[in-house]
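Enquirer: Below: one structure in structure tokens.
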């Protein structure tokens, strides 16, 4: 178990800057996810920690020791790839034992540790088989067993679930988290899938265009996005232009054309200084579509709107709603039956569910 | 006609032009050769039609033919080994190169644009008595008179390597291309140095390509008569030269037929052994 430190890391490929001045602290034993769209630099960061790429500038510290010049085979890291990367010409047991051969482990211990690792990933009986005889999910478990059997200081996971079917992916997510908690290894997980990131992480590092947009616990990143990018990337959000009137202890007073004046809690607008242009962020699932004639409870803003389109999703429904000039999205659980396109409705909003950003 | 019957016929319809050509241009002439090998050339120079085993008896019992067959296999083996040692690193570099892979492959194909015979003869201009190398050495003053570098076993192997190296590189390249580069990264992350990762992962996974390239080099090398003819001395004749000699020079078609079938049998047996253990699929991959 070890901490990982990125210190002003820059990575350039020729004229392209893949990672710009990134600093990051990963605590011992933490499960940290690098989340972002493709090309945001998350995999580049992971590969630099692994030693597969050298940073152009900056330092990487593992357990406080600079590892920039330590070659990959001496870093003692567990690496799991999206495409499993099992050795096709070796049996499962040989795959798992591979790293132990380079670690002066006595041969009697090798077979015991291989067995333990296979038990940990719940595939105790496949040691004699070849990788291609296993399903994708099983292969990824073997890849995980191969990475953790060496007792790595840090476990690095590069989109390990992306190649799996949707159902399997959710099972593996739980499984992966269980194993990580059991062995307590510091883990860096790279994904573009926000639900994976939210479900598994202690901390999420949201990245875009080579820089870190926000670092925080899943709830924090989800409920209090630090930028428009984060608000849009995690879940569906409505982002409205607003005017910040004032900031006080109880909150930030904003005015928008649609919802009028409302007070957003101060902790939901950490980056908004004082009066001036701002952005109001409303999560799609916090915007409630209600019948036109129903009365709104106290403390809830209610404005008239028209439903333009309905996207039925089974247990939930996504409405595209027009209110004044703006088209908004609302994702609601279905109560009895959803509204239809063309219905006149009321949009309800609690100001405490909103967040506010400075206008960039 | 039912749909099934139509679908079953379709591949044969598409294959028929090629099959016809192979049948008429390869299979039928081969049958003629087989028939010829049992005829007999008389002292008058005419062929006597019949079923005689004389040619076969001569070809199989005469130590002269056996020694030249062994010599041919030796030359082909050395050539194949040299091609493997020279070709593997080159194929590795091409397979791992990022930006200029297309250019490197084009350069690899470039020699095929020039006739194999011309490429072989080009060595005379390089190594000949008045060739480039001798001229340069004379000019610099390292030697006083030209050295005879041509017409020996080494130049035959040199010519064959020159001819066959691209086949080896292409085959190894194709199999290296098919290996996921993450495998080496994974091996490195588990503690293997780059060299250990190569020996443990990349090399074993590329062996089918190396074997396919080796088979091609060996079969093509063992069957050649141009290279020893152009670059070899009197004692460097290979088996195909005997066939050439018998058929073209002596006009002894029956004996030439028996000799060529003998070479075909030896090389065919080798291909069958290869097919038994490695399969033809890899060879097809390398050629395509």
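Every residue number used here counts from 1 along the chain in the order it is shown.
Glycine residues also receive a Cβ, built from the backbone N, Cα and C atoms like all the rest.
Annotations in TrEMBL come from automatic prediction, not curation.
Pasting the relevant annotations from TrEMBL:
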- B:12-39: transmembrane segment (TRANSMEM)
- B:68-95: transmembrane segment (TRANSMEM)
- B:69-274: domain 'ABC transmembrane type-1' (DOMAIN)
- B:102-118: transmembrane segment (TRANSMEM)
- B:124-143: transmembrane segment (TRANSMEM)
- B:155-174: transmembrane segment (TRANSMEM)
- B:210-231: transmembrane segment (TRANSMEM)
- B:251-274: transmembrane segment (TRANSMEM)
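I'm curious about the neighbourhood of these features; can you describe it?
Expert: Beyond the transmembrane segment (B:12-39), the same-chain residues lying 6 or more positions past its ends with a Cβ under 8 Å from any Cβ of the stretch are 47-53, 55-56, 253-254, 257-258, 260-261.
Tertiary neighbourhood of the transmembrane segment (B:124-143): same-chain residues 149-150, 155, 230-231, selected by CB-CB distance under 8 Å and a gap of 6+ residues from either end.
Here the transmembrane segment (B:155-174) has Cβ contacts under 8 Å with residues 75-76, 78-80, 82-84, 86-88, 90-92, 94-95, 105, 108-109, 111-112, 116, 119-120, 123, 127, 149, 206, 209-210, 212-214, 216-217, 220-221, 224, 227-228, 230-232, 236, 238, 283, 285-286 of the same chain, all six or more residues outside its ends.
Proximity of distant same-chain residues to the transmembrane segment (B:210-231), defined by a Cβ-Cβ separation under 8 Å and at least 6 residues beyond the stretch ends, is recorded for 72-73, 75-77, 79-80, 83-84, 87-88, 116-117, 120-121, 123-124, 150-151, 155-156, 158-160, 163-164, 167-172, 175, 237-241, 243-244, 263, 266-267, 270-271, 274, 278, 282-283, 285-286.
Long-range contacts of the transmembrane segment (B:251-274) within the same chain, counting only residues at least 6 positions beyond its ends with a Cβ under 8 Å from a Cβ of the stretch, are 33-34, 36-41, 45, 47, 52, 55-56, 58-60, 65, 69, 72-73, 211, 215, 218-219, 222-223, 239-240, 242-243, 283.
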